[in-house]
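Asker: Supplied in structure tokens, the structure appears directly below.
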């Protein structure tokens, strides 16, 4: 309520009580004012009531929620289902206009404020996470692959003769298809093996640039976050090469915001060389539903060019989700999650190393990968060709998600390109292995349960050879111990939620 309404309320209720209520309301308003004025993620989290007040205030600024609105156009923010309307907090118009995803909508002032604030808050988080000189970013309602495509299509207008993209190999389909979809020819640079790690072959990159001609290359497409034993590209050195040959540089930073090491690589690359844009996933870094990404860069004008390349208006759902999430966490809450992730990486590494020693395997030495780990499966691979993939199936049926097994000798054809040793980022990696990652929001309980189930599965797979024929059938059966373990895990979760509710109510 505004001031006059509060004054009028004093005729209905004791004025002292009304003044107290007005002060409570003012506290919410002060938080909103600080957010709008500063455009930064608040240090401390907001409670849900403040967030809902703010979103409702934004919604009533959109024309579809005007009390006397009369819409006669083809797109008037009409929604048939009340449930759908509530799901979106009645913010129906989306973001941007037909020519620019970052443009203001005249009949959706509230949604436009939401869009601008979200972009500003995400930029603040990117800077806090380590890329301090990033100048601009925007949330786009497409996942990482399509967002990379948008960057490549923008560069096409700057380099119309270019047809190649230099790409140090990473065995992940969407980043490869992003180049194909944009109409370019990927030039795959094989990684070099250094110890257990797969690292960028800088000499091969420079040789290809010389061979093809810099003017024929759209950009270098490098990667930070990835599955071990591949490690982040030598972004700093690649940035220097790009600056030397005046070639654009786009970085796939899919889940790198959560890693200070990945963010430092981007910051250093921009400092000593050239990075035009870096793209990161919303769901992997900000714990929201799949379907959004952040495109960021060091030049306001170039980032704006990318936003103008997006055709039509766009869904506001990813922007709304990340806005609510960052307000719920605050900068302090997000930093806490980043710190916990680092701690859990150390814990996961130590537990896998213990298990590897017990089972005569090895945790591969990949010190340059800050998120993913790899456990060798040498003895399992020697046992039989299908034993490695069988382990993956066993883990999945025991409700272990995210872990992936990489057998030897797998080939995959993507858009006519043949990748030998697919999933291992190399034609001939020396051993089969299993991946596990310490990503943001992972808990100690996740690690403990994973190690316990992995131990069981590996011991099953390593039974005497005369039992091997029965293993595929038996291994898939869920035992009473498995059921008891799942029940215990569910009980721990429910107990934790009950404790949280009691703390909140207290």
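Note that Cβ sites are derived from N, Cα and C of the backbone, with glycine treated the same way.
Take a look at what Swiss-Prot says about it:
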- 1-44: region 'Tetramerization' (REGION)
- 75: pyridoxal 5'-phosphate binding site (BINDING)
- 96-106: region 'Phosphate loop (P-loop)' (REGION)
- 97, 98, 105, 313: substrate binding site (BINDING)
- 271, 398, 463: tRNA binding site (BINDING)
- 284: N6-(pyridoxal phosphate)lysine (MOD_RES)
Asker: Got a sec? Which of these binding-site residues, 75, 271, 398, 463, has the most Cβ atoms within 10 Å?
Answerer: 398
Asker: DSSP-wise, what's the residue breakdown of the region 'Phosphate loop (P-loop)' (96-106) into helix, strand and coil?
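Answerer: Secondary-structure breakdown of the region 'Phosphate loop (P-loop)' (96-106): 0 helix, 2 strand, 9 coil.
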Asker: How many Å separate the Cα atoms of residue 463 (tRNA binding site) and residue 313 (substrate binding site)?
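Answerer: About 58 Å separate the Cα atoms of these two residues.
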Asker: For the region 'Tetramerization' (1-44), what does DSSP give as the number of helix, strand and coil residues?
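Answerer: Helix, strand, coil within the region 'Tetramerization' (1-44): 31 helix, 0 strand, 13 coil.
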Asker: Have a look at the binding-site residues 75, 97, 98, 398 and say which one has the shortest Cα distance to the residue listed as 'N6-(pyridoxal phosphate)lysine'.
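Answerer: Given the candidates 75, 97, 98, 398, the nearest one is 398.
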Asker: What are the non-local neighbours of residue 105 (substrate binding site), defined as same-chain residues 6+ apart in sequence with CB under 8 A from its CB?
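Answerer: Same-chain residues close to residue 105 (substrate binding site) (Cβ under 8 Å, separated by 6 or more) are 93, 95, 96, 97, 111, 112, 313.
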Asker: Report the residues of the chain - excluding 97, 98, 105, 313 - with C-beta within 8 Å of the mean position of the site's C-beta atoms, for the recorded substrate site, in sequence order.
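Answerer: Nearby residues not in the site list: 94, 95, 96, 99, 100, 103, 312.
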Asker: Indicate the candidate from 97, 284, 313 with the smallest number of other Cβ atoms within 10 Å of its Cβ, considering only these recorded positions.
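Answerer: Among the recorded positions 97, 284, 313, the sparsest Cβ neighbourhood within 10 Å belongs to 97.
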Asker: Could you tell me which three-state DSSP class residue 271 (tRNA binding site) falls into?
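Answerer: Helix, per DSSP.
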Asker: Roughly how many Å lie between the Cα atoms of residue 398 (tRNA binding site) and residue 98 (substrate binding site), rounded to a whole value?
Answerer: 48
Asker: In sequence order, which same-chain residues at least six apart have a C-beta under 8 angstroms from residue 98 (substrate binding site)?
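Answerer: When sequence neighbours closer than 6 are ignored, residue 98 (substrate binding site) has 311, 312, 313 within Cβ distance under 8 Å.
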Asker: Any idea what the Cα distance is from residue 75 (pyridoxal 5'-phosphate binding site) over to residue 271 (tRNA binding site), rounded to a whole Å?
Answerer: 45
Asker: Widest Cα span across the substrate binders 97, 98, 105, 313, in Å?
Answerer: 10
